[in-house]
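Database features, via Swiss-Prot:
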BINDING   GLY172, ASP173, ARG174, LYS175, THR176, GLY177, LYS178, THR179  ATP binding site
SITE      SER373  site 'Required for activity'
REGION    521-550  region 'Disordered'
COMPBIAS  534-550  compositional bias 'Basic and acidic residues'
Amino acid sequence: MAELTISTEEIRGALERYVSSYSADVSREEVGTVADAGDGIAHVEGLPSTMTNELLEFEDGTIGVALNLDVREIGVVVLGDFAGIEEGQRVKRTGRVLSAPVGDAFLGRVVNALGEPIDGLGDIPNEGFRELELQAPNVMSRKSVDEPLQTGIKAIDAMTPIGRGQRQLIIGDRKTGKTTVALDTILNQRDNWRSGDPKKQVRCIYVAVGQKASTIASIKGVLEEAGAMEYTTIVASPASDPAGFKYLAPYTGSSIGQHWMYGGKHVLIVFDDLSKQAEAYRAVSLLLRRPPGREAYPGDVFYLHSRLLERCAKLSDEMGGGSMTGLPIIETKANDISAFIPTNVISITDGQIFLETDLFNQGVRPAINVGTSVSRVGGSAQVKPMKKVSGSLRLNLAQYRELEAFAAFASDLDKASRAQLERGSRLVELLKQPNYTPFPVQDQVVLVWAGVEGKLDDIPVGEIGRFESEFLQYLRHKHEGVLAQIAGGTWGDEVIASLDAAISDFKKLFLGKEDELRINEPAAEPLAGEEDRETVTRFHDDATDRPAGS
């Protein structure tokens, strides 16, 4: 029988090999507990290493974002259904800061405030994630606004032009056409998109905050019908969403846009509207027990909007030359632009377009108040032909409004004042525009030139709309080269002479047709018994149509 021997060296070697190959699978996890919850807010105790804006996960899988970092607890805004969150539940850190997925696949899609698709068209492949709380480009990364962003709206492109990288506020009471102005601007980018030229193309983002779901659906329908959805992303946070989603939606849209801007592309983003975002932020702040300030808004409500709108910029050539143009919308009460939120946003932006209820009700649409609307930086980006023809337009309209108010009390006016009133009424009529019908820049230049130079003074006010549409049609058929020259930025004596000749020829046709309609109609038959004493005449007057007299 063999003798059993124990080798201590072998045992020691085996133990050393085992110890050296051993790795402890230990994971460290911070866990907190819900102290109280309600109204979409949870206060969590524990989790001492939590970062601001870090995502936290509750027991049922619901996500929340840490906004308040107090000594004893964390104030968390729940992003989702908070009905299942109860006191005592466990909460754990994710280590991820609030961010949104980005990429070209978002064009043509509708997403929520977290960048998740809600249009039923499946998942969206992303090119990465971008934090919602990103710093705006610094001073050295920017350059002056020098490229125009055409809205297709005559009154805006002529008097308050917008440049790529500008922040232009659209402000007014409810139901004054604010959203329509923004949508017209999106629709007007269609030809640029279809040109295929990256320098011309503008990607659009429409952020809907606190609107009815049916309204958002109708806006999507308008964009689809016009063929504009292919270059547009809708970030929707309807009225039914919790306040946290409404507060975050504009930042999500901005993050998607910044991804394209830093890629050297041009972006247009519409925030519709920031009044509702401020109200949602107020609700969240009060529930988090932050001290209220003016109108119960928290002290940092200015920073809420400034850090959002400062992301809109025109980047320098070294940074790729991309841009993000912002059109924030603010709703006023009784045309009061001196309220807290309107004055905040006016001071942040580069100009404002003020829409007035009285003008809207008078049929002046878009209802732009020329006196209070201004563009501080867009003038340097305005196309040269428009800059040359629209110089006196704002002054003419301002003088017209002043004279109009005076004429209401004055019984008689001198000839010059009457002429100014006549021209002003035609300019107002000329700047009217139907919904969702943006004008190409060359058409705008021709019409503004005709109005400012008095070429429409002998056209009846009621016929201005028909005259402009028929005249543009006439130019496209007979003088297409002139329109092409204007579109290319050419404006000089030769172009003016061609337009002079064209409008003179067309007015003969137009006014001749008017005379034919009015003068060559059969005389009215006299009533029975009045054959011997009634005379019916027909005549034409340049300014007005007078009734038949006896």
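Just so you know, glycine gets a Cβ as well, placed from its N, Cα and C.
Overlay of Swiss-Prot annotations on the structure.
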residue: GLY172; record: ATP binding site; DSSP (3 states): strand
residue: GLY177; record: ATP binding site; DSSP (3 states): coil
residue: SER373; record: site 'Required for activity'; DSSP (3 states): coil
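The most crowded of the recorded positions listed here (THR176, THR179, SER373) is THR176, judged by how many other CB atoms sit within 10 Å of its own CB.
The Cβ centroid of GLY172, ASP173, ARG174, LYS175, THR176, GLY177, LYS178, THR179 marks the ATP site; residues of that chain outside this set whose Cβ lies within 8 Å of it are GLU331, LEU355, THR357, PHE360, given in sequence order. In this structure, of the binding-site residues GLY172, GLY177, the smallest number of CB atoms within 10 A of the CB marks GLY177. Around the Cβ of LYS175 (ATP binding site), a 10 Å sphere holds 12 further Cβ atoms from the protein chains shown. Counting only the Cα atoms, the space from SER373 (site 'Required for activity') to GLY177 (ATP binding site) is about 15 angstrom. If you draw a 10 Å sphere around the CB of LYS178 (ATP binding site), it holds 26 other CB atoms from the protein chains shown. One residue stands out among the binding-site residues ASP173, ARG174 for having the most other Cβ atoms within 10 Å of its Cβ: ASP173.
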